[in-house]
Amino acid sequence: KLHSDLDKGVGTVKYTLSGDGAGTVFTIDETTGDIHAIRSLDREEKPFYTLRAQAVDVDTKKPLEPESEFIIKVQDINDNEPKFLDGPYVASVPEMSPVGAYVLQVKATDADDPTYGNSARVVYSILQGQPYFSIDPKTGVIRTALPNMDREVKEQYQVLIQAKDMGGQLGGLAGTTTVNITLTDVNDNPPRFPKSIFHLKVPESSLVGSAIGRIRAVDPDFGQNAEIEYNIVPGDGGNLFDITTDENTQEGVIKLKKPLDFETKKAYTFKVEASNLHLDHRFHSVGPFKDTATVKINVLDMDEPPVFSKPTYTMEVYEDTPVGTIIGAVTAQDLDAGSSSVRYFIDWKNDVDNYFTIDATEGTVATNELLDRESTAQYNFSIIASKVSNPLLTSKVNVIINVLDVNEFPPEISVPYETSVCENAKPGQVIQTVTAADKDLSPAGQRFSFRLSAEASNKPNFTVHDYRNNTAGIETRRNGYNRRQQELYFLPVVIEDSSYPVQSSTNTMTIRVCRCDSDGTILSCNVEAIFLPVGLSTGALIAILLCIVILLVIVVLYVALRRQKKKDTLMTSKEDIRDNVIHYDDEGGGEEDTQAFDIGALRNPKVIEDNKVRRDIKPDTLRFPRQRPPVEDNTDIRDFINQRLQENDVDPTAPPYDSLATYAYEGNGSVAESLSSIDSLTTEADQDYDYLNDWGPRFKILADMFGEEESYNPDKVT
């Protein structure tokens, strides 16, 4: 309830409410100021609300007092039961654990206010699972309640746990959860054979290494605690058998170590021991964790194939032995009670077996063809023996026949047949060590001897030194050799063996004379190298040839550039501006050559109208003559040249090689002083050209030209 001191109870004050939940959770009576909750409150949803209230004048709507803030706190009641947020639970504990062994701790959560009353005070208890387990009421720790719980008796337990608030008092709310507890295995049980004697029947034809029977000891434990190891106790017949453990079934697999023979022994008896691999010291007091059983094996008689007296047969025969010669025999017999006769035959697989035959009754082996040790030194084939009473029962034996050698091939020099000697070799120098090879099979202690042939013994070039260890050395007998005189020497070497009959051969060795340095290292053995300069190596000769080739290339390039320069360029520079001197790149015809330029054009201006084409340069295109106004006689040459210069300057089609177009007036101040009379300070009458005759024959045409002009035109042009 809100009330203002300014409220006289006459309805002039109005109360307003704002803040958390105003209008939705809480409402206020505007006249009396009473605050009411308009819906249910949940402390677990919102424990308190902050509100603001104010009193205002009904008429003016103005606050009568400042706004005041207050908090409405929701008081808790026990409306939430405890909950196991992590349930259901799974736990395990080893079997045979003592009382009070820790299993698991559970925890329940109550959403009520733990600071107000006992609404959130939780107490734990077991509803199902006694008397095997207990729980602490306050902490929720579960422990074992009985000793020696055996997994082999019961492995799984389901325990129902209750959590109750209000301290477990009447009227409190409760929640439950399930705990599944498994007893884990420990090795508390030894293996036990279900019976003391095992009987097995085994055929005598069983193969060595094959399984002939299985026995099993029972261990109620699980996993590695149930792993069993089997062993044969030393005793009667134990050395013929072996036993291993099948990892999947934990059975003992009995295997045969040696072949059985019914005719030799018909029964075997031995003991087998089964024991655990992983022992637990806590249970040693229970007794030994192993058990023993007896195994009796009866051997069954079987119809067996013949048995050879040896596992393999080895025979020897000399090569070239006559056909039909007996070289050995094989023997097989039937060991069964009713002994049967045996027949022999060769297991034909290839043509090699045709070299021998066997007597079907006696088993003797004889040659069927002539043998050659150099072709085949050893024969390997099989002989089969079968029972007459049962031909399907056969046995096989391997026969090896070694062909012995008869000395029929002479020894020969092993490669190489060619060697070399230095030109600067000294007498007694060994240039090659040779050995011998013999196609015959040399018996132990056979020796080879080396010597020169009779015809080579008298030559003073080389000799053979027999080292008497099946090797010999080729030695020099001269002080130096000359390749220019003789490049190759042929040395016949005689080799003899020590077998009977003695065989010998003559082998020719080729000795090449080579050029060597002072240390004996070969520099060259080629014939061409004889004519090369002494002291120049191959690399130096290649460098000299390369330099010569480079110089030749430079000379060829220089000549080609010179020729190209003459062909591509007509003039090296612009034509010299002289009166009658024109510069060309080609050689002219001398003073008598008057075809290159018509000098009369300067003397007679009318000649220009003919528009003659230059005769010294081939024109690029044909052009029509330009129409020019006629030039009157007696016109000053300077005006004539200036007129022609102006015409060509403004004419875009004027050829650049026109002789008249390329002339210009030479100004004053020329150091060389012009030879022309144009723009002379004196008149032509005052000019004397007789001095041109004194210049020699090269200026004769120029002197005649000006002399003729003087006589032709008496009037002087100014």
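The backbone N, Cα and C atoms fix where each Cβ goes, glycine too.
Annotations in TrEMBL come from automatic prediction, not curation.
If you look up TrEMBL, you'll see 4-84 (among others) marked as domain 'Cadherin'.
For 85-193 (among others), the entry in TrEMBL reads domain 'Cadherin'. Under DSSP, residues within the domain 'Cadherin' (85-193) fall into helix, strand and coil as 3 helix, 45 strand, 61 coil.
Across the domain 'Cadherin' (194-308), the prediction's mean pLDDT works out to 87. Summarising the annotation, TrEMBL assigns domain 'Cadherin' to 194-308 (among others).
Each residue of the domain 'Cadherin' (309-413) gets a DSSP state, and the totals for helix, strand and coil are 5 helix, 48 strand, 52 coil. Per TrEMBL, domain 'Cadherin' is recorded for 309-413 (among others).
The domain 'Cadherin' feature in TrEMBL is assigned to 413-531 (among others).
Marked as transmembrane segment by TrEMBL: 530-561.
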